[in-house]
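Structure first, then comments.
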Amino acid sequence: MVKLSTLQPRLKPTATHTPKKNWGKGRGGRAWRRLRDEILARDNYTCQCCGRVGGRLELDHIVNVAQGGTDDKANLQILCYTCHKQKTQTESQAGGVQQF
């Protein structure tokens, strides 16, 4: 009788993946909402472009993050929805960034 040889397994165990816990650290997280509220108060709830008060106000980076801007308070301003949309569209066309 012939002795059977043991075959090496072809499948290797995969490394376990544990997702990072970074809840609340992006846009919309608690820290970002607090920063937004602080900038809203600093700018008197007024669009820094057209002067509109109240309504749909958005926090905007003066120097776009993609262009090297930071989340520093000096680089943030409040814009109304219309002004923010126009500024974003102008930056996208100038920088070649596609909007989806």
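Cβ atoms here come from the backbone N, Cα and C positions, even for glycine.
Model, not experiment: these values are computed from the prediction.
Sequence annotations record features per position, and here TrEMBL assigns region 'Disordered' to 1-29. Taken from TrEMBL, the feature compositional bias 'Basic residues' applies to 18-29. Among the features that TrEMBL reports, domain 'HNH nuclease' is placed at 34-85.
Within the model, the domain 'HNH nuclease' (34-85) shows a mean pLDDT value of 95, rounded to a whole number. Sorting each residue of the domain 'HNH nuclease' (34-85) by its DSSP state yields 20 helix, 12 strand, 20 coil.
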